[in-house]
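Chemist: I have a structure here, written as structure tokens, and I will follow up with some questions on it.
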């Protein structure tokens, strides 16, 4: 069966691929939402120490984040569908195994293994979209649906996790459900991917850069761990190992850059090509910078919104999840609409409007009256915050167009890394500023406890102003750095070419003797991030504080 690029409507097989890829990657976010609510119950059942309760989410973030580049490149070598299906099967198997975890140590280990599956299927799934859908409206719609699934997956995880754990059903049902859904999406993927006859595919043929893989994983892992630990350690950045690990991560990543440059000059395999950063018209630094800072602000604001609901309004995790529903609905709509209009609207003003709309959210958060109703304050924060969702599909499509056609999964991995690192650094820096502000306020008001709403709000307002400043900075990058970027997501015109794509050619179309070369392909990605928990948070709050920012990973 063929798929014509001159028809913008999505066919049955188009939808099947979208459901399979979007479903599996959405499960990665569903896990974060479910753990958010279920961790206190899991902790009691498996006898977690209170200080260890954040470890399941931390190890998931570590194994997921530090291996995205590795699995992205591996997917370009062995083929997108092989890596996607393998990662999805792995994720489903360990989801089921986690449901039978007998103690805390085994549970943490199984969750870490889940992260490996997510790291494998996310970039390769996005690479499949780029290979399957030709540039134009179909591809844009596919990425819009993928982005819409991220907030939906997270909020479903929050709600279902809360219902199952608070209704008397065992927390293990969450993982039974996750494994079952994973198997369903894997079967769908097999039906529409594996059964098709194979054809020559465009893959990365220089082999795997093992040295680069080791350096990148070590550098990103050290950075992620040190930033996460800085927000949970009792002494914060004064804890001796944190600044040491943080500094070591930059040393390792610097070595990684020089190592990759050396290999590139000698025409050897590279994990991440350095030439793309200086490529004329690529806008790589601006696009990655915007994604980094927008997600710094966006996910940090979501995190502090969670703290506001729980520690100021005194709501339980399930009530908190309900208050995120407007953001989920609005975010889903923004992703879908962006997917439908990307090929018609210039990308720079589209991103500028999105960032400008989002910037109202931290401003309202910093100024809001805690005694006002939800609908007149926090609801507006939830609605305006989704302006940041515009950046995802536009940035993803542009980024993938910069990479060679044999590196589309790697493009997805890099964009995910930018999202995760922006969130990790944003949480660490903003939390430190907010904590210092709260402590200063409490010292000037000794009659108030450190966890009193007034003291907490002093820090939360500072966090809001910090997020607002970062969003303004990202607006400046978009204003001056994206000039001339044009319209991302336009259909590539190929007069006289056969624009039909076979499902068997999913990894990459290859020029043949009787057909013009295929247009450059594009890719996208999503994302999730390690979170922070306040040491003063109650057990029922710790989990939600840990990963509310994993709302999109797209």
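Keep in mind that glycine also has a Cβ here, set from the backbone N, Cα and C atoms.
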Chemist: State the residue range annotated as transmembrane segment by TrEMBL; the candidates are 455-482, 483-510.
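Modeler: Among 455-482, 483-510, the range TrEMBL annotates as transmembrane segment is 455-482.
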Chemist: Are the transmembrane segment (12-37) and the transmembrane segment (107-133) near each other by the rule of at least 3 C-beta pairs under 8 angstroms (pairs 6 or more apart)?
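Modeler: Yes, since the transmembrane segment (107-133) and the transmembrane segment (12-37) share at least 3 Cβ pairs closer than 8 Å, they count as touching.
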Chemist: Thinking of Cβ pairs under 8 Å, which stretch from 240-259, 284-304, 349-368 has the most of them with the transmembrane segment (207-228)?
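Modeler: Result: 240-259.
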Chemist: Taking the transmembrane segment (176-195) as reference, which of 12-37, 57-75, 284-304, 413-435 has the most Cβ pairs under 8 angstroms?
Modeler: 12-37
Chemist: Quick check for me: are there 3+ Cβ pairs below 8 Å between the transmembrane segment (413-435) and the transmembrane segment (284-304), leaving out pairs under 6 residues apart?
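Modeler: Answer yes, regions in contact.
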Chemist: Calculate the per-residue pLDDT averaged over the domain 'Major facilitator superfamily (MFS) profile' (17-493) and state the result as an integer.
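Modeler: The average pLDDT of the model in the domain 'Major facilitator superfamily (MFS) profile' (17-493) works out to 86.
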